[in-house]
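All remarks here apply to the structure that follows.
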DNA sequence: CCCGGCTGTTACACTTCTGTCGCATAGACT
DNA sequence: AGTCTATGCGACAGAAGTGTAACAGCCGGG
């Protein structure tokens, strides 16, 4: 079943405002969105729509997110679908339980929509290497998220963890300008406080790493705005 | 009423520091910001400014945010304007009441400014689907807000930050004449004081940048009134 | 334990941009 | 033509944004 069109996402969230916001963002990002506001519908829709990824609210009336997750991960034909859990901060203690239940990722409310998008794409890439490319490519740079390897002109580059995440983020939308704040959100995570200037330093390090065997600087600085690839 | 210029946001927050920070960020994101520090002014400004979206603090002296929201959602002519509510974490219990009152989304303090931006944009896209990440075009000039790039006759132009924002503003409504004061508002921001003659200088710089590879002057000077594109 | 690699911060040099001024020029009006 | 105002433009000092080296702290592996 090698689908190649828009990736389908099943969005399960009982709170209308949140769901609406997410749905519009997902659609703007190119996802085909199916919505459900409770666990029961969700379980039915999984079979009907066969989504590529599920975004699942933790707390819901009737059948909770965790229960939906558990059931889906038990059935062989649905086990492969990545599930991203949403949860309020207060429930963070349950994090381990969430992942034990089989959720593939976990985002704490209030979350950055951008971050959630990035994670959804990441999960998608993980399970669907065929289409969206197991490998991100931009000019002569190739990045394989699975093996955590980066090539430039067929040479293997050595990057630090932060440089890697930074490059992944930039390569997911080549050309798009990311502000320092956005990059902090996407690469470092929203809870951490680090100075925005730190982004500059890591961009500098990434540049050096990308050019360790020569080649031009692929990272564009947009003064007053941020950084972009190409 | 299909406006296409900068999206206007009415920001209602009684706490000056918070309001300033938000206003700054919103302006940096390309919103035209109108501020109010109480509910009464807010209700007046809604009629005067006809904003595309309202960001509304929950707790305010005199007329509370929830009251403003309720009144606006009662009037047919303002019902369509999306409202995002801000609320301190302790008040989270009132969440349901907030949405019942008709708010379209809800952000808990302390919030991520980026997240709030994303939600504001999301709401805006919902109501005004047109302006999501489009490429602006006018004659042989193309401007891509996402990548922050400007082309003329397929050549990449180099603009400074202010020139860029100025051009974005002009291109969002080609042909419309903007007064110097309007441009100061839209490009520099409402609170900044700079001489109106500064606009002239930047228009001059923008002209030079737009013609750096030749071509005619696309900016029209309307004596006694301001500037326009085309 | 020490060591090497990575991280976040800071300081400083450097570049680019900004706002204002002064004067030249263009347009409008008498 | 003469006058008056508005606009264009070069120059410049100061501000702001950015690149980078250096440094101290942290952590995991020998």
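Glycine is treated like the rest: Cβ placed from N, Cα and C.
Automatic, uncurated: that is what TrEMBL annotation is.
What TrEMBL lists as DNA-binding region is A:133-230.
Annotated domain 'Response regulatory' per TrEMBL: A:8-124, in sequence order. Here the domain 'Response regulatory' (A:8-124) has a mean pLDDT of 77 out of 100.
Residues or ranges marked as domain 'OmpR/PhoB-type' by TrEMBL: A:133-230.
Long-range C-beta contacts of residue A:57 (4-aspartylphosphate), restricted to its own chain and to partners at least six residues apart, with a cutoff below 8 Å, comprise A:12, A:13, A:14, A:15, A:18, A:65, A:85, A:86, A:87. Residue A:57 (4-aspartylphosphate) carries a strand DSSP state (E or B). The 4-aspartylphosphate annotation in TrEMBL covers A:57.
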